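To start, I am sharing the structure in question, which I have written as structure tokens.
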Amino acid sequence: SCLCGSAPCLLCGCCPSAKNSTVSRLLFTFFLFLGTLVSIIMIIPGVEKELHKLPGFCEGSGSVLGVQTHVDCGSFLGHKAVYRMGFAMAAFFFLFALIMVCVRSSKDPRAAVQNGFWFFKFLVLVGITVGAFYIPDGAFTSVWFYFGVVGSFLFILIQLILLIDFAHSWSQLWLRNADEGNAKGWYTALCIVTFIFYATSIAAIVLLYVYYTKPQGCTEGKVLISINLILCLIISAVSILPKIQDAQPHSGLLQASLITLYTIYVTWSALANVPTQTCNPTLLVRNSTGSAMATQPLTTWWDAPSIVGLIIFILCTLFISVRSSAHPQVNKLMLTEESAAGAGSEAAAMESGLRRAYDNEQDGVSYNYTFFHLCLLLAALYIMMTLTNWYSPPPPPPPPALATSLPLLGFRVLTSPWTAVWVKICSSWAGLLLYLWTLVAPLVLPDRDFS
């Protein structure tokens, strides 16, 4: 059956025949999206106000030197809930990553756990989630923030690899269609899309200079925008050099324009985390008392960079789940490949007329189970950081005596750290260098096959 392993399923009549490998990846991705939806619901203001009823969240959750404190932490409950939901999803996928180590084919008993028992998997996820909400506050949020930063950086690199692969595949497909059919039409479409990408990138750069820099000051923003602008010009020029074109006839400005547009988005996302109000008009500050910074707007989680990041996250996770690359090098790097082992099973399913998930991994798995779960783990950390705007959690509240003597310490504020800025900027540089390497590698290593 398509959803419940060996158990009967009423939805099977609606499901087309599909490979076990594809169905399993889609359902695990559905679990990730379900956790993401729960996280989004928890940061809705109306729901966030009700989270104080959960044990360990507010009353008695903060203790310093053994003294219980009573702090109005209502403004932080959604932030804490997203962190705990992210922890639950990461723990769930890490558990399956450990269980599925070295599974070579569906003949391994553990493959049945990967491809079935979905109701019990759902119960496991729910149990881990409930347990995560009982984790004492303490230093958990502060420590888990750094886990989220590292995991998000790694997932951004995976996004960049998939984006570069998609750009090369897109260009090759359209150029091949141009060689086989209406060349004028395909080349026109290629030029139009490339122009749209570059025009959007130029407009975005102008807006970044206007809104995230000032004539006096904001040196960091000016430098970061200028560096990425120069790097994008470099990769665009390199992509059309005669030697590059000879080594890779399918390389061109379409790939460079797409990489440029994504780089500008990452730059925008990084500048939205600059912790200087004068240089960052989208900087939002939230405090636990509502009076410490009454002139500052409350943090909203649905700013434009977060929305774009959420869309990219959805596309990339679906990309990981349903598609293998047309390039062997990417398949080798991502540990995915299309296996022909299930050809007989597919033919049998078509002949029988049954709509079911058939086993296509009897002779070998079509993707690395452990690596797939690790990718979803990193995706869970990335969406956790995206929904919280990469804001650093507040420190534990001070004891009443210290709060009285030092009133400013009584205010707990969510802040946007420079850590988030540099992680995003470094990831954009890594992506540009990686794309540049895909262009020059055939020249540097002429004995390798880069077809």
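Including glycine, each Cβ sits where the backbone N, Cα and C put it.
Here TrEMBL flags 26-47, 81-103, 115-135, 141-164, 185-211, 223-241, 253-271, 304-322, 371-391, 421-445 as transmembrane segment.
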Top stretch among 26-47, 81-103, 223-241 for CB pairs under 8 A with the transmembrane segment (115-135)?
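Most Cβ pairs under 8 Å with the transmembrane segment (115-135) come from 81-103.
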With Cβ distances under 8 Å as the criterion, find the stretch in 26-47, 141-164, 185-211, 223-241, 421-445 that has the most pairs with the transmembrane segment (304-322).
26-47
Report, as numbers and ranges, which residues of the same chain sit near the transmembrane segment (253-271): CB under 8 Å and 6 or more residues beyond its ends.
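Residues 156, 160, 163-164, 166-168, 170-171, 174, 190, 193-194, 197-198, 200-201, 204-205, 208, 212, 221, 224-225, 228, 231-232, 235-236, 239-240, 280, 305, 308-309, 420-422, 424-425, 427-428, 431-432, 435 contact the transmembrane segment (253-271) from elsewhere in the chain.
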Report, as numbers and ranges, which residues of the same chain sit near the transmembrane segment (81-103): CB under 8 Å and 6 or more residues beyond its ends.
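Apart from its flanks, the transmembrane segment (81-103) reaches 28, 31-32, 35, 38-39, 42-43, 48, 51, 110-111, 113-114, 124-125, 128-129, 131-133, 135, 140-141, 144-145, 147-148, 151, 365, 369-370, 373-374, 376-377, 380-381, 383-384, 387-388, 393.
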Give me the stretch from 141-164, 185-211, 223-241, 371-391, 421-445 with the greatest number of Cβ pairs under 8 Å to the transmembrane segment (26-47).
371-391
Would you call the transmembrane segment (371-391) and the transmembrane segment (141-164) in contact, using three or more Cβ pairs under 8 Å, pairs 6 or more apart in sequence?
yes
Taking the transmembrane segment (421-445) as reference, which of 141-164, 185-211, 223-241 has the most Cβ pairs under 8 angstroms?
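Against the transmembrane segment (421-445), the leading stretch is 141-164.
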